[in-house]
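The following features are taken from Swiss-Prot:
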| type | residues | note |
| --- | --- | --- |
| BINDING | LEU73, GLY104, LEU123, SER124, PRO125, LEU126, THR127, PHE128 | S-adenosyl-L-methionine binding site |
Amino acid sequence: MRIHLIAVGERMPAWVNAAYAEYANRLPAECSLNLKEIPAVKRGKNADLARIAETEGARMLEAIPKDCLVVALDEKGRSFSTAELSRRLDDWMHSGRDLALLVGGPEGLTDACRARADLVWSLSPLTFPHPLVRVILAEQVYRAWSLLRGHPYHRE
């Protein structure tokens, strides 16, 4: 299964790219994590933030590969323990379909993105900077996979 992390924003700080790559590169081909960056719309002083969110949301939806399961990351979504996420990952891997994870920009996800999702997932009730979400997601996917495979990375 390929996991497509579709995220708004390009040109992340070096530490974000390094941390994301650290975990993404640990995953095997059976559960590969690939980043698709969606260019953020420029925000000016009097920017129409609703229009910007709609534009970015439409670009995200266009980037979803055909026949993917779609999981939208949103603070109002469902939260999972590590064990629950590991079971979900196992189900997704056995579905025979790829997975798309949607991470919005500063304005969050649009209603259309949430409606397209098969699941809306909340990493935490806290608000995280969007670049950091990439790192957290990569680490949590790796942790869930390592738990499935009995790898010593995750400890109860």
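Note that Cβ sites are derived from N, Cα and C of the backbone, with glycine treated the same way.
Keep in mind the model is a prediction, meaning the values are calculated, not measured.
Sequence features, as recorded in Swiss-Prot, placed on the structure.
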residue	record	CB count, 10 Å
LEU73	S-adenosyl-L-methionine binding site	24
GLY104	S-adenosyl-L-methionine binding site	24
LEU123	S-adenosyl-L-methionine binding site	19
SER124	S-adenosyl-L-methionine binding site	10
PRO125	S-adenosyl-L-methionine binding site	8
LEU126	S-adenosyl-L-methionine binding site	7
THR127	S-adenosyl-L-methionine binding site	9
PHE128	S-adenosyl-L-methionine binding site	15
